[in-house]
Every structure is written in structure tokens, then in C-alpha cells.
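Participant: Copying in the features that TrEMBL gives for the protein in this structure:
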TRANSMEM  70-88  transmembrane segment
TRANSMEM  108-130  transmembrane segment
TRANSMEM  142-161  transmembrane segment
TRANSMEM  167-185  transmembrane segment
TRANSMEM  197-216  transmembrane segment
TRANSMEM  236-262  transmembrane segment
TRANSMEM  283-302  transmembrane segment
TRANSMEM  362-382  transmembrane segment
TRANSMEM  417-439  transmembrane segment
TRANSMEM  459-479  transmembrane segment
Amino acid sequence: MDYDVYYDDVMGDSLLQDYYDEEELEELLRAYQDGYYGDDPEVTRMPLLELVNNCLIPTLTQTLQMLGPLYAMCFIFRLICLFLRSGSQLSSFPKVHITSAILGLFTLNYFFGATIIYLLICCLTVYVILVLTSQKCPRQSGVCVAVFVVIYIVVCELFVVDAASWHSIRGAQIILSMKVIGLAFDISNGQVLLPDVPSYLGYCLCVGTVIFGPWISFQDYMNILFSGTSVLDVQWILKVVRSSVIGVLCMTYSTCFVNWIFMDDYHKWILAYKDAQSFRFSHYFVCFISEATATLAGIGYGDLQWNLSVSKPQHIEIPRSLVDVVTNWNLPMHRWLKNCYSGSFGSSQGDSTGLFSDRSNAVGLNFQLAAVLFSLGFYSYVEYVFREKLSRIYSACLLSKSCTEPCEHQYKSTNPYVIITNLGFGLLSVFHLAYLGLMFDSSESAQEGYTMSHTLEKWSNLGYLSHFVLLGTFIFHLLI
């Protein structure tokens with residue numbers, strides 16, 4: 001390569017040559033092409049004050065700006081419910097449903113703009129299907145709606161909506177899909193009657209759950225009208241504040257502190273754990289904010305307590321097993337899957353693969369999510385049957401979930417060998433979680449959804465080690 005010509009093109013009148021000879025220029029260019037100058041750059045931790053000014057404060061500001069209008073809409077809905085419900089007059093209920101739908105539409109428009117049309121088309125079409133099936137074949141309402149929703153999601157994702165727009169409304173679409181499918185199966189099982197249009201729209205577009213969730217059943221939504229206090233009680237306020245504060249703390253940790261704690265020059269497996277933990281804490285943010293918005297709208301009242309719970313991070317960050325992780329990842333979604341799956345096909349503990357197959361269908365054609373969900377399904381199944389066999393052979397408390405009293409095993413959970421074994425399984429779960437969650441990074445492709453090549457590249461960088469460990473575990477399970 002003619003380095004004189006190269007630098008003439010870049011620097012004009014060969015300004016660098018006034019200071020460096022030919023040999024030095026060649027060395028500089030090679031260093032530039034290799035991506036560094038001289039030795040590897042030293043990775044240093046950002047000063048804490050700089051982290052606060054450049055990351056923490058902007059993150060908090062943007063989060064509050066995003067959540068402010070949503071909280072206001074939920075609070076308005078709560079006040080309207082309290083006002084119209086005075087005396088429990090049935091004539092006021094349609095007004096509550098219409099108010100719920102209108103506020104939900106305003107909130108959807110604030111977050112997603114014109115793309116909410118795809119949510120509305122799905123919502124209205126499902127109601128038509130429910131009307132038709134409830135008259136002709138009510139027992140098949142759930143299956144018909146589920147098939148339509150899956151086809152609708154696939155068609156929108158492949159042919160109708162651009163990738164960035166669909167990715168932005170994916171969460172709201174999943175929540176809506178869970179609501180209408182759950183309602184359809186409840187109608188099929190005779191648990192509820194076909195609701196009228198205001199009730200249906202109020203449920204599907206309920207302002208407290210339309211953005212972040214969580215999934216609630218139709219009966220949970222109706223409880224806003226039939227139960228609860230007639231005043232804004234202290235427990236309600238404390239629940240909203242607690243969930244909001246924890247959610248914001250999870251967001252700031254995911255956005256700012258996780259990258260500050262785990263430096264970029266750490267071992268690749270530690271960096272994988274960092275990426276996975278960052279994703280998990282962003283998920284906790286969504287879960288706790290969904291608790292707050294749903295509670296603010298009046299959902300979750302029972303036995304004089306506001307007891308709505310969406311996720312249990314302590315069982316995920318310090319897991320006993322992967323079964324514990326998937327159960328506590330999203331409690332309402334897990335309950336929805338079990339209700340729909342058992343109501344249609346029957347269910348048992350060994351059906352985790354089928355449950356995760358249904359969940360992957362609900363999220364559409366996103367290879368990354370589908371790959372992780374299918375993997376988690378197989379991982380959980382293999383772990384469940386392996387630990388069940390170990391527990392039976394050694395009569396020890398080694399099951400995926402803690403034994404319930406009275407425990408009939410010879411070696412209880414307090415036995416030192418049982419403690420060590422369960423600790424080993426817990427560490428193995430952390431290892432698998434780091435591997436499965438590392439592709440949920442903040443790269444540019446996240447705006448349109450991750451591709452198959454992105455997922456496989458991330459796993460190949462770690463030698464597909466977790467999948468090989470799973471295979472070895474399954475083979476060992478067959479041999480013992």
C-alpha cells in the first residue's frame with residue numbers, strides 16, 4: 001500500500017509528514033486499523049458523580065416524563081370508579097366501562113400514536129368471533145380466538161407492519177392477546193358469559209393494564225366495580241408508591257449501575273451475566289410499574305389488602321431452580337398459560353415444554369424470544385425430571401420446588417449434603433440464565449427485534465456451552 005498517497009488523500013497537504021517519518025506513519029496507520037494506539041486502552045470506572053449527572057438524572061427524568069401521563073390517567077379512572085360506584089348502582093357500570101375504554105385509547109395514542117389501529121382491529125375482530133362462536137359453537141370459542149390471534153400476529157409481523165413499529169407495540173399486543181384468549185377460554189368453559197360491548201372494550205383497553213400489563217382476568221376487571229373501598233385508603237397509596245419506587249430503582253440499575261459495576265474488560269462469561277442481568281432488571285421495571293398502574297386503577301383489592309404481585313425478583317436472582325425462575329418471572333402470565341393450557345388440553349408439571357411453546361406463539365415470529373422460550377421450556381423439563389429422579393433415588397429434598405410439609409423424604413432440606421446439592425443446582429440455574437439472556441443487549445437491532453444470526457452469534461461466542469451442559473444433564477438422567 002502507498003502510505004504517502006493514503007495520507008495525501010486524507011490529510012490534504014501531507015500535514016502529518018511534517019511531524020512523522022515514513023516508518024512512524026506506517027506504525028500509526030497499522031495501529032489505527034487495529035483499533036488502538038500502542039497498548040490496549042485501559043478501562044476505567046466512571047466517577048460516581050459523573051455517572052449520576054450523565055446517566056442517573058437523565059434516566060429518572062425520562063422515566064418520570066413517560067410515566068406521568070399514564071399515572072394521571074389511572075388515577076382519573078380510579079376517581080371516576082369511586083364516584084360512579086356510589087350505592088353500587090348497576091346503571092353506572094356502562095359509564096365506567098366506557099370511561100375505561102376512552103382513557104385506555106388516550107393512553108395508547110400517547111405511547112404509540114397511529115399504530116394503535118392494529119390493536120383496535122384485533123380487539124374488534126375478536127369480539128365478532130366471540131359473538132359468532134358463542135351462538136354456533138360456544139365450546140370452541142377459545143380455540144377459534146387463539147387461532148385467529150396467532151394468524152393475525154404472523155400476518156402483521158410479516159406483511160403489514162414495518163419491523164420498528166411492530167416491535168414498539170409488541171408488548172401491548174401481547175397483553176391484548178392474552179386478555180382476549182383468556183376471555184374466550186373462560187366463555188368456552190362456562191365461567192363467564194359473553195360480555196356486552198362496553199364491558200368488553202373496558203376490559204381490553206383498561207387504562208391500568210393496557211401498556212405494561214399485567215394480564216388480568218375479566219372477573220378481576222369486574223371486581224373494580226363490585227369490590228374495594230369507597231375511599232382512597234392508605235394501603236392503596238403505599239402499594240402504588242412501593243411498586244413505583246422499586247420499579248424505578250430497577251430501571252436505574254439496569255440502565256446505569258450494571259455497566260458501572262461490571263467493566264468491559266471482564267471475562268466474557270461475566271459480561272454475559274451482566275447483559276442478562278441488565279435485561280432482567282429492565283423486566284422487573286416493567287413488572288413493578290405494571291403493579292403500580294394496575295393498583296392505581298383499582299385492581300388487586302382483596303381481604304383489605306392491595307395484594308397484586310407480578311414478579312418475584314428474589315426467586316430469579318437467587319434461584320432454587322429454573323422452574324422457580326419461570327414461575328416467578330411473570331406470575332399473571334404463568335397463571336394465564338396454566339388456565340388456558342389446562343382448560344383445553346389438561347396439564348401436569350411435565351408440560352412445561354407445551355406451555356413455553358404457547359408462550360412463544362404469543363410473542364410472534366421473533367426468533368430470539370422464541371429460541372429463549374423454547375430453550376427455557378426444555379431446560380425446565382430436563383431439570384424437573386432429573387431432580388425428581390434424584391429425589392426419589394436418594395429420598396432427599398432435591399425437587400425443583402421446595403418440599404411442602406409434611407415432607408416424607410429421609411434427608412430433609414437442612415441436611416448439609418442436600419443444602420450443597422441444591423446450592424449447586426441454583427448456581428447452574430444462574431449459569432443458564434446468563435447464557436440465555438446475554439443476547440438481550442442494547443444494540444441497534446433491538447429497535448426492530450433481534451435476528452436469528454444475532455442470537456446464534458451470541459451463543460456461539462460462548463461455544464453453546466449451556467446447551468451442551470443441558471444435553472449432558474439429560475443423558476445422565478437417562479443413565480441413572
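Cβ from N, Cα, C; glycine included.
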Participant: So which of 142-161, 236-262, 283-302, 417-439, 459-479 has the most C-beta pairs under 8 Å when paired with the transmembrane segment (167-185)?
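Facilitator: Comparing 142-161, 236-262, 283-302, 417-439, 459-479 against the transmembrane segment (167-185), the winner is 142-161.
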Participant: Find the member of 142-161, 283-302, 459-479 that has more C-beta pairs under 8 Å to the transmembrane segment (417-439) than any other listed stretch.
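Facilitator: Out of the listed stretches, 459-479 contacts the transmembrane segment (417-439) most.
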Participant: Which bits of the chain, at least 6 residues beyond where the transmembrane segment (459-479) starts or stops, bring a Cβ under 8 A of a Cβ in it?
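Facilitator: Hits for the transmembrane segment (459-479): 268-269, 272, 375, 378-379, 382-383, 385-386, 389, 428, 431-432, 435-436, 438-439.
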